[in-house]
Every structure is written in C-alpha cells, then in structure tokens.
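Asker: Annotation comment: Swiss-Prot describes 24-51 as domain 'LRRNT'. Per Swiss-Prot, disulfide bond is recorded for Cys28-Cys37, Cys95-Cys122, Cys649-Cys677, Cys651-Cys696. Per Swiss-Prot, repeat 'LRR 1' is recorded for 52-73. What Swiss-Prot lists as repeat 'LRR 8' is 222-244. What Swiss-Prot records for 380-400 is repeat 'LRR 14'. The annotation repeat 'LRR 17' is assigned in Swiss-Prot to 465-486. Residues annotated as domain 'LRRCT' in Swiss-Prot: 645-698. Among the features that Swiss-Prot reports, domain 'TIR' is placed at 754-897. The ubiquitin cross-link annotation in Swiss-Prot covers Lys765, Lys812, Lys831, and the record cites experimental evidence as its basis.
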Amino acid sequence: MRQTLPCIYFWGGLLPFGMLCASSTTKCTVSHEVADCSHLKLTQVPDDLPTNITVLNLTHNQLRRLPAANFTRYSQLTSLDVGFNTISKLEPELCQKLPMLKVLNLQHNELSQLSDKTFAFCTNLTELHLMSNSIQKIKNNPFVKQKNLITLDLSHNGLSSTKLGTQVQLENLQELLLSNNKIQALKSEELDIFANSSLKKLELSSNQIKEFSPGCFHAIGRLFGLFLNNVQLGPSLTEKLCLELANTSIRNLSLSNSQLSTTSNTTFLGLKWTNLTMLDLSYNNLNVVGNDSFAWLPQLEYFFLEYNNIQHLFSHSLHGLFNVRYLNLKRSFTKQSISLASLPKIDDFSFQWLKCLEHLNMEDNDIPGIKSNMFTGLINLKYLSLSNSFTSLRTLTNETFVSLAHSPLHILNLTKNKISKIESDAFSWLGHLEVLDLGLNEIGQELTGQEWRGLENIFEIYLSYNKYLQLTRNSFALVPSLQRLMLRRVALKNVDSSPSPFQPLRNLTILDLSNNNIANINDDMLEGLEKLEILDLQHNNLARLWKHANPGGPIYFLKGLSHLHILNLESNGFDEIPVEVFKDLFELKIIDLGLNNLNTLPASVFNNQVSLKSLNLQKNLITSVEKKVFGPAFRNLTELDMRFNPFDCTCESIAWFVNWINETHTNIPELSSHYLCNTPPHYHGFPVRLFDTSSCKDSAPFELFFMINTSILLIFIFIVLLIHFEGWRISFYWNVSVHRVLGFKEIDRQTEQFEYAAYIIHAYKDKDWVWEHFSSMEKEDQSLKFCLEERDFEAGVFELEAIVNSIKRSRKIIFVITHHLLKDPLCKRFKVHHAVQQAIEQNLDSIILVFLEEIPDYKLNHALCLRRGMFKSHCILNWPVQKERIGAFRHKLQVALGSKNSVH
C-alpha cells in the first residue's frame with residue numbers, strides 16, 4: 001500500500017484544504033532496461049518505472065515488505081536486488097508475479113524464518129543471496145523447488161548446522177556459502193541433501209567447526225572446492241579433515257589462518273587419494289614443515305604458503321610437489337629476533353622436486369643469502385621474485401645465480417635488497433632472462449658492460465632509484481636486444497660521453513633518464529635510436545642546451561627520433577625552445593613541458609606535430625596563446641593542460657584561444673578555476689574562458705580604408721597581368737563561345753561512335769601511375785580502350801589539336817586528380833577547361849574524377865574551377881590505400897564508364 005503524508009493547508013483560517021503528497025520515484029535512474037532506485041529512502045516499490053526493465057536495484061532503502069501486487073507491471077524482471085532494507089517476511093506470490101526472475105538478493109535484511117512456501121514459485125532462480133539476515137535454523141524444505149539454483153548464499157546468519165532440508169534437492173547447485181555462522185560439526189545426515197549436487201565451492205570459513213563426522217563429505221555428490229579459512233583446526237583436526245576428504249572429487253582446498261603451526265608426513269595423508277590441484281595454507285604462522293609433508297600431493301599445481309613463519313625448509317620439505325606450477329612464499333621466512341642465529345634457513349636442493357614450477361614468489365623475507373644450490377632443479381622456472389628477500393645480499397657475483405643455470409628464467413625481481421655492487425658475469429647463467437628489475441637498491445658503480453654478459457635475450461632492465469651509476473661507451477654494448485631501459489634517479493654520470501653509451505641499443509623503445517640533474521647532453525646522445533617511442537627526461541637541468549646563447553648554438557638532441565610517441569621534459573628550467581627542435585618528431589602524441597619557464601614560443605615550433613593528442617604546458621610563464629603558434633598543435637588535441645600560466649587578457653594575446661576553448665571538445669582540466677588572467681590589472685584573477693572577444697573586432701576606419709584600397713590595387717594589378725599574359729587565350733575562348741552559341745557547329749553525340757572509352761587527363765608526373773593501372777585494365781577487358789597521350793597521339797599533329805581531337809573521339813573524360821595536376825600549367829590552362837567546356841556545351845555527363853590524393857574542394861575549385869557537387873556521386877572515385885580494395889575501385893570505374901552521358 002502506498003504510504004502517503006496528509007498535508008493540510010489553511011487559507012484565511014476558515015477553509016481547510018487536504019492534499020496527499022505521494023512519495024516521489026522520479027529519482028530512479030533507468031538505462032538500458034536497468035533501473036537503479038538505491039539510496040532513495042523509499043518505503044515502497046515505485047510504480048512508475050518502465051514495464052520492460054529486466055534489472056531492478058532497490059538496495060539501501062527503508063522497505064519493510066515486498067507486496068507481490070507491486071511487481072505486477074514488472075513481469076520482465078530477471079534480477080531483483082532488495083538488499084540493505086528491513087524486510088522481515090517474503091510473500092510466496094512474489095515469484096508468481098516475476099516468472100522470469102533468476103537472481104534474487106535479500107542480503108542485510110531481517111528475515112528469520114523460511115517456510116516451504118517462501119520460494120515455492122521461484123523455480124527459475126539461479127542465484128539466491130540471503131547473507132546477513134537472522135536465519136538460525138532451516139525447517140523442512142524451503143529450497144526444494146529451486147532445481148536451477150547455482151549459487152546459494154547463507155553466510156553471516158546464525159545457522160548452527162548445515163542442514164538445509166530433509167530430502168535430496170538442489171541438484172544443480174554449484175556454490176554453497178555458509179561462512180560466518182555458528183556451525184560446529186559437519187555431519188553426513190545433514191549434507192546428504194546434496195547427494196546429486198556437484199559443488200564447485202563449499203564455503204565454511206569463519207565457523208567454529210570442531211568435528212568432521214565419518215563420511216560427511218561423501219554424502220555430497222561431488223565436492224570440488226572446500227574453503228575453511230579462519231577455522232581453528234590445528235594440526236590434529238587438519239589431519240582428520242584430510243582423511244575425510246579421501247576418495248572425494250576435491251580439487252581446491254583453502255585452509256588459510258587455520259592455526260596449522262606444524263606439518264608432518266601424516267598431516268595430508270588423506271589427500272593421497274584425491275586429485276587436489278590447489279592448496280592454500282597462508283596466514284597460519286606455520287613454523288615447522290617436516291620432510292615429506294606434501295609427498296601425498298603429486299597433482300598439486302597451485303600452492304599458497306605466504307605469511308607464515310617457516311624457520312627451516314629442509315631438503316625434503318617440498319618433496320612430492322612434482323606438478324606445482326605456482327608457489328607463493330611471500331613473507332614466509334621471517335626472523336624472530338635481531339640475532340643472526342634466528343635467521344630462517346633454506347637447505348640446498350630444497351626446490352629440486354618442483355620440476356614443473358614456473359612462478360615462484362619469495363618477496364619480503366629474511367633469508368641470509370643465496371646458496372650455490374638453493375634453486376637447483378627448477379628446470380621450468382620462468383618468474384622469480386626476490387624483492388626484499390635477503391638480509392645480506394650486498395654484492396652480486398658470478399656465483400650468485402649459478403643454481404639457476406638450468407632454469408629458463410624470463411623475469412627476475414631483485415628490488416629492495418640493498419644491493420650495492422654488480423660484478424662481471426653476475427647474470428651469465430641467465431641466458432633466457434627478458435626482464436631484470438634491480439630498482440630501489442643501493443648500487444653505486446661504473447657500468448663497464450661486463451655486468452650484463454650472457455643476457456642475450458634481455459628485453460627490459462630496471463635500474464631506477466639507486467645510489468649512482470657512471471656510464472661508459474660500453475655500458476650496454478653486450479645487450480643490443482634491450483628495448484626498455486629505466487635509469488630514473490640514479491645520479492647518472494658521464495651521460496654526455498662520446499660515443500654515446502646508448503648507441504648500441506638500436507632496438508630501444510623506452511628510455512627513462514628522469515630525476516638525474518643532467519645538465520650536459522651531446523647532440524648525438526640518442527643517435528641511432530630510431531625505434532624509441534617513450535623518452536622521459538623530466539626533472540633534469542637541460543635549460544642551457546636550448547638557449548641560442550649557448551656556445552655553438554642550441555643542441556638538437558632529439559633529432560632522428562621519428563617514431564617517438566611520448567616526450568616528457570617537465571621541470572628542466574627551459575625558457576627557450578628552438579624553432580626546429582621538434583622537426584623530426586612526426587609521430588609525437590604526448591608532449592610534457594610543464595613546470596618550466598617558457599614565455600614566448602616560435603611560430604612554427606609545432607608545425608610537424610600532426611599526431612599530437614596531449615600537450616602539457618602548466619606552470620610556465622606563457623602570457624599569449626596565438627593561432628600561429630598553437631594552431632597546428634591544437635588541431636587534433638584530446639587533452640590540454642595550461643594551468644597556472646600568467647595569461648595576458650588582451651585581444652592580441654588570447655582572443656583566438658578563448659574562442660577555441662569555448663568551441664573545442666578537447667579535455668581541459670580545471671578550466672574554470674586555474675586559467676586566470678594576470679594582466680591587465682582590471683582583469684587580474686578573471687577566468688580566461690569568460691573574456692569577451694566581441695570587443696576584439698576591428699572597426700577602425702583607417703584600417704578599413706587601407707584594406708579596401710589595397711584590395712582594389714591588387715585586383716587592378718591582377719587584371720593587367722592577366723590581359724598581358726593570357727589575353728590571346730581569353731580572346732580565343734570568347735570567339736569559340738560565340739560561335740557555339742550562334743550555332744556555327746551542331747553536334748549530335750547520341751548517334752556518334754567513339755573510338756575510345758575515355759580520354760585520360762593527368763599531370764606529366766603521374767604518367768607512370770596512369771600507364772600502369774589503365775593499361776592493365778585494357779588487358780583485363782578487351783572492350784576497354786583508353787586514350788593515353790604517350791601512346792595514342794598522332795605523330796606530327798600539333799599537341800593542342802591532338803588533345804581536342806582525342807577528347808572528341810572519347811566517350812568519357814577521366815581526370816586523374818593529384819597535387820601535380822593542380823600545378824600542371826597545361827592541364828590547368830587548357831585540358832581541363834576544354835573538357836569541361838565540351839561537356840557543358842553538349843549537355844553531357846561525361847566527366848569522371850579519380851582522386852589519387854585527398855584534395856579539399858576549395859583547392860580543387862581554386863586550381864581547376866571544379867567542385868565535387870558538379871558531378872554525380874558515381875562519377876567521383878577515390879584511389880584506395882589498401883591493395884585489397886583495388887578490385888572494387890576498378891569495378892566502380894567500369895560502372896562509371898558504362899553510365900549514360902546524358903544529364904537527364
């Protein structure tokens with residue numbers, strides 16, 4: 001029933017007038033058949049939503065009931081979420097009104113009892129969420145009709161047992177969530193209702209389970225996943241659990257934080273008769289892993305042992321884990337005191353049994369060092385993380401990784417280990433290594449290049465955040481395959497040596513030299529790095545290099561980087577930019593010049609940045625944003641950052657910029673608050689985007705008079721030159737036109753037989769293309785014959801006469817339009833004009849335009865007095881860029897050649 005609030009209004013104190021103010025549902029948002037009515041303090045179900053909605057969200061409201069009648073209009077619902085309300089009872093008729101309902105979420109309500117009728121009509125449900133209610137006991141069989149149910153969530157209730165019914169049911173159930181209840185024992189008679197079920201996940205975490213009765217798991221048809229996290233099992237109950245799991249279908253077993261402090265060769269004995277593939281023993285404070293503890297788990301593939309306290313890993317502790325591919329030992333070996341004697345130990349050959357191991361995580365441990373046979377036997381290891389793992393790994397020698405000599409290691413993480421020195425041949429055993437991370441250490445040395453010997457397949461070396469690195473010409477000579485080199489904040493020295501330390505890195509795509517206070521760079525430092533795509537040089541001191549006052553002039557250290565996509569030059573103190581500094585950077589997409597001292601930029605500095613998408617110039621000293629400087633850069637921009645610049649709000653400085661930002665779709669963060677005028681004084685602090693540009697229109701009489709006089713003078717000069725150089729041609733065309741109009745010559749093209757299918761008008765420079773493609777079309781279609789000047793003009797005939805005759809003998813005229821054609825004097829002055837004139841005089845639609853290049857209409861009109869709108873669409877063709885579309889182009893051309901010449 002709709003709840004209403006009576007609102008009584010009095011007028012004059014005499015005439016009462018009552019009104020009913022209904023609760024509003026207009027705040028619900030509806031999109032793509034999904035209605036969101038959450039967080040609206042609703043006390044009843046809205047009745048004005050579209051009838052075709054399939055998803056309805058009513059969470060976080062004040063609903064106490066769900067009257068079935070209120071859902072009559074929403075019969076298409078497949079998902080209903082009424083969580084976080086105060087519903088205490090569910091009407092059985094609800095699902096009768098919602099026959100298509102598949103997902104019902106009732107979490108965080110006040111349901112306490114479920115009768116046999118509660119879900120009797122919810123036969124299509126696949127998910128039922130009842131977590132965080134007050135259900136303490138399941139009586140009879142409330143879920144017996146849910147034959148399609150896949151997920152049932154009863155977690156965070158007060159259930160004291162797993163009994164959910166008295167007869168076999170829920171045959172399609174895959175996930176049963178019973179965590180955070182008061183279950184103390186698992187009994188077969190309570191679980192036998194799942195005799196026909198295949199449970200992929202049985203979630204019993206955070207219960208007080210003390211007993212596993214015999215056959216409790218065998219009562220379930222098939223059990224694949226069991227989760228008992230945060231259950232105080234201990235070693236004894238864990239052993240009993242595993243015995244009960246024997247001969248089941250268990251695949252995944254999670255025992256995180258189950259107080260399993262020790263393991264022995266009998267702990268997991270029961271799992272010998274299973275095919276367990278995943279075992280989670282994390283957060284157990286496990287300190288003793290006995291020999292052969294996991295010998296019964298030959299099928300295990302994923303093993304989680306992180307956050308334990310293993311004091312000694314024996315040579316046979318991991319025996320039997322022959323198929324493990326992933327092993328997580330993060331923070332599993334931690335010392336108990338500051339005493340060196342308390343450091344955890346890992347025996348040699350401890351990992352030799354893990355023949356299939358590919359991923360090993362040993363981060364955040366207190367291991368004394370790497371022994372000569374620590375990793376021996378890991379013949380399939382590809383990823384090894386040793387970040388913050390060692391207490392005394394100060395120097396990497398040629399013996400450090402000898403135990404990995406037979407491992408096909410691809411990724412090695414050695415960060416946060418306080419490494420101070422890398423000796424020659426330190427990685428010579430790691431020939432397959434692709435990624436080497438040495439960041440966040442204390443390395444301080446000269447890199448001779450011998451450190452990387454043997455890294456024949458290296459792809460990335462990360463050396464950022466170390467003490468200092470001094471480069472030499474051979475620092476990277478032995479790693480030509482390197483594509484990513486990170487040298488951020490390493491107090492880089494000798495970077496300006498010649499030849500450049502980076503010269504051998506021809507395959508480099510990412511180079512990070514930021515935060516190094518670099519002041520000197522040679523113009524050949526990046527020479528040869530033609531594949532470089534990302535260059536980070538922020539937070540250095542490169543200002544002098546681009547000054548015109550620099551001895552020898554500006555240093556163009558970016559030359560040749562034709563494939564560079566991202567350039568970061570933030571915080572370098574630049575106050576000048578040479579006009580050609582970005583000349584070669586045609587593919588540049590992101591430029592960051594923020595936090596510098598730039599004021600005036602050269603007019604054409606961004607002319608070649610046609611691909612630019614993001615430009616950052618924040619916190620500079622820019623006062624003027626003019627079109628001649630920023631126009632090319634802003635053309636395809638998607639993001640612009642020019643915050644905190646002292647803009648000069650005058651017509652000359654920002655009028656164009658204001659018009660642009662008010663019209664563009666480019667993302668400009670904080671436009672209203674951080675783009676403020678600095679000068680003149682009366683505009684100080686005024687938002688730039690609100691600057692009135694209407695006053696910038698020039699209406700000075702003198703300038704207007706000057707423009708008019710200049711225009712008249714230029715027109716007069718043009719006419720004089722035209723008559724002087726082209727007078728005879730004008731006279732000739734005038735006479736021809738007069739003769740045509742007066743009827744000196746009659747032409748009836750309807751009965752005339754043409755010798756050529758088309759006459760080709762093209763620029764001289766395009767003759768090779770014309771010959772290649774039109775002659776090949778003639779060979780493919782014998783009925784086609786084009787008039788090609790080089791082949792078909794009669795010898796000895798005057799060229800102009802031959803052109804006129806050939807056009808008359810051709811049924812169509814094809815213009816091959818390129819920039820060369822627009823500049824070809826013969827084509828512009830005679831061929832094109834004569835062809836168009838003949839088509840107009842004969843009332844024919846005989847011209848076909850073939851565009852080999854993208855030519856704007858205004859250029860076409862300016863050069864040839866033609867526009868695309870003068871021709872039918874099928875007579876305008878564009879040469880395709882893709883070779884596979886050439887056949888389609890030729891087909892369209894043949895259609896155009898076969899079309900009627902008549903305009904009507």
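In case you wondered, yes, glycine gets a Cβ from its N, Cα and C as well.
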Asker: Near the repeat 'LRR 14' (380-400), which residues from the same chain, at least 6 beyond its ends, have a CB less than 8 A from one of its CBs?
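Answerer: Residues 335, 343, 355-370, 372, 407-428, 437.
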Asker: Between Cys95 (disulfide bond) and Cys649 (disulfide bond), how many Å separate their Cα atoms?
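Answerer: Cα-Cα distance, Cys95 (disulfide bond) to Cys649 (disulfide bond): 66 Å.
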Asker: Tell me the Cα distance separating Cys677 (disulfide bond) from Lys765 (ubiquitin cross-link), rounded to the nearest angstrom.
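Answerer: Rounded to a whole number, the Cα-Cα distance is 53 Å.
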Asker: Please name which of the recorded positions listed here, Cys28, Cys37, Cys122, Lys812, is nearest in space to Cys677 (disulfide bond), Cα against Cα.
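Answerer: Looking at Cα distances from Cys677 (disulfide bond), the smallest one goes to Cys28.
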Asker: Which one is it: of the disulfide-bonded residues Cys37, Cys122, Cys677, Cys696, which Cβ has the fewest other Cβ atoms within 10 Å in this structure?
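Answerer: Ranked by other Cβ atoms within 10 Å, the disulfide-bonded residues Cys37, Cys122, Cys677, Cys696 bottom out at Cys696.
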Asker: Below 8 Å Cβ to Cβ and six or more residues apart, same chain only. Which residues does that give for Lys831 (ubiquitin cross-link)?
Answerer: Ile761, Ile803
Asker: Going along the chain, which residues six or more apart from Lys812 (ubiquitin cross-link) have their CB under 8 A from its CB?
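Answerer: In sequence order, Ala757, Ala758, Tyr759, Ser846, Ile847, Ile848, Ala896, Leu897, Asn901 meet the Cβ cut-off.
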Asker: If you count CB neighbours within 10 Å, which one among the disulfide-bonded residues Cys28, Cys649, Cys651 has the smallest count?
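Answerer: It is Cys651 that, of the disulfide-bonded residues Cys28, Cys649, Cys651, has the fewest other Cβ atoms within 10 Å.
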Asker: Would you mind splitting the domain 'LRRNT' (24-51) into helix, strand and coil residue counts from DSSP?
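Answerer: Helix, strand, coil within the domain 'LRRNT' (24-51): 0 helix, 6 strand, 22 coil.
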Asker: Where Cys122 (disulfide bond) and Cys696 (disulfide bond) are concerned, what is their Cα separation in Å, rounded?
Answerer: 71
Asker: Please report the Cα separation of Cys28 (disulfide bond) and Cys649 (disulfide bond) in Å, rounded to an integer.
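Answerer: Distance between the two Cα atoms comes out at 45 Å.
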Asker: Among the recorded positions Cys95, Lys765, which residue has the largest number of other Cβ atoms within 10 Å of its own Cβ?
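Answerer: When each Cβ's neighbours within 10 Å are tallied, Cys95 tops the list.
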Asker: Given Cys696 (disulfide bond) and Cys37 (disulfide bond), what distance in Å do their CA atoms have, once rounded to a whole number?
Answerer: 51
Asker: If you measure Cys37 (disulfide bond) to Cys651 (disulfide bond) at Cα, how many Å is it?
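Answerer: Cα to Cα, Cys37 (disulfide bond) and Cys651 (disulfide bond) are separated by 50 Å.
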